[in-house]
Structure formats: C-alpha cells, structure tokens
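The following features are taken from TrEMBL:
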type     : residues : note
SIGNAL   : 1-20     : signal peptide
REGION   : 87-122   : region 'Disordered'
COMPBIAS : 102-113  : compositional bias 'Low complexity'
C-alpha cells in the first residue's frame, strides 16, 4: 500500500510540476523569436561572407536557452525559413548545412564552432 501511495504521489508531483510551467511557454516563444530576429539583424549588419552558419547556430542557441517555448520558436522559424528558401533557391546545396547549424545551436552546442575567422566580436 505504501509503495502504491508513493508511486501515485511521485506521478502527481511530476504531472503538476510539468503542467505548472505552461504559463511560461508563450513568453519563452516570443523571446525566442526575438533572439532569432536579433541574430538575423546581426548577420545582415555584419555582412560577412561565410558567417551565416554561425548566425543560424547563435540564434537557435539563444532562443533554446529560454526554455521549451524558445526552442519551439527556433525550430519553427528555422524550418519555415529553410522551407521558404527551398522554394526560391536554384541550388539547395547549403540547406542541409544550415539545418545542421540550426540543430547544433538549438541542442546547446557552442555557436562559435561555426564562427569564421576574422568576424568582429561586435
């Protein structure tokens, strides 16, 4: 009986603990979308050849650090962007590399792995 009660209490704690965070999800998603936009703006401002993978990884990394909502926003934005570009690209050769950089950042990998030499810190 005690074992059954302990299992039920543990299950209840897990369910309540995970469900108690639902109210943070939208804020995390909005913050993650802002992180992705900031990385895009920084990429445009830097105008550095070969730096796009770094900014892909950095945007996804920053967004995912916000929590599950940020990670979701990063995945939706990244996948949507690649899908749209796939329709307009002549050669889809670097779409797989872009998606690899997206996944790397989203899964907590250091974005500096993709940072090209000479890219200013700012």
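Placement of Cβ uses the backbone N, Cα and C atoms for every residue, glycine included.
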Other parts of the chain folded back onto the compositional bias 'Low complexity' (102-113), taken as Cβ under 8 Å at six or more residues beyond its ends: 54, 56-65, 71, 74-75, 78, 82
Counting by DSSP secondary structure, give me helix, strand and coil numbers for the compositional bias 'Low complexity' (102-113). 8 helix, 0 strand, 4 coil
